[in-house]
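Right, one structure below, let's go through it.
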Amino acid sequence: MYHIELKKEALLPRERLVDLGADRLSNQELLAILLRTGIKEKPVLEISTQILENISSLADFGQLSLQELQSIKGIGQVKSVEIKAMLELAKRIHKAEYDRKEQILSSEQLARKMMLELGDKKQEHLVAIYMDTQNRIIEQRTIFIGTVRRSVAEPREILHYACKNMATSLIIIHNHPSGSPKPSESDLSFTKKIKRSCDHLGIVCLDHIIVGKNKYYSFREEADIL
């Protein structure tokens with residue numbers, strides 16, 4: 001049986017969410033907000049508690065049918081449909097989060113993806129890929145867009161988003177509008193600079209990839225500096 005811990009004090013879920021944040025509310029409080037109202041002889045928190053008491057764990061909540069929900073006094077067709085819609089949306093959000101976190105297995109894999117995105121760009125784009133402990137992408141962020149003559153980005157800007165995303169590793173990618181991925185001296189200098197900054201914060205700089213027209217250069221594959 002799913003364990004419910006009821007509080008003695010009067011609960012005002014909406015006000016508590018505003019004051020404390022959604023993560024501080026109990027499961028029955030969150031469900032009560034979705035249900036909105038109870039019935040004359042049963043407050044909404046009592047209804048939400050009864051729903052949760054009908055399942056062995058929160059993971060089973062999504063398995064409740066419309067008929068099972070409607071068998072609970074205070075839950076009619078409208079509320080049961082709203083609950084099922086909320087559960088389906090939550091499932092789709094979870095799937096979208098998982099799909100977004102593509103796992104990077106090699107520099108070549110990422111380079112091929114980025115050649116499609118940046119290979120034909122007329123301006124230089126500097127992109128950072130932030131990853132978790134399993135090399136799954138947390139965020140892909142364009143740090144800078146500039147001309148061939150001016151494409152400077154400070155490591156602190158790159159690392160700001162690494163810290164914000166709680167990333168454990170990152171890969172830097174930029175394109176050469178000329179189509180040739182051959183690194184320049186400034187590319188080499190920047191790579192060393194970003195690696196030093198990452199090391200200082202305990203973030204792993206896995207690679208710096210330069211993409212051109214159907215070609216790429218990986219500092220990890222070609223140079224002994226990462």
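Cβ from N, Cα, C; glycine included.
Small disclaimer: the values here were computed from a predicted structure and weren't measured.
Of the residues ASP187, ASP199, Swiss-Prot puts just one in the Zn(2+) site with HIS174, HIS176: ASP187. Here the domain 'MPN' (103-225) is broken down by DSSP into helix, strand and coil counts: 43 helix, 38 strand, 42 coil. Sequence-distant contacts of the motif 'JAMM motif' (174-187), counting only residues of its own chain at least 6 positions beyond either end whose CB sits under 8 Å from a CB of the stretch, comprise 114, 118-119, 121-127, 148, 151, 208-213, 215-217, 219, 223. A 10 Å cutoff on Cβ-Cβ distances gives ASP187 (Zn(2+) binding site) a total of 18 other Cβ atoms nearby, all chains included.
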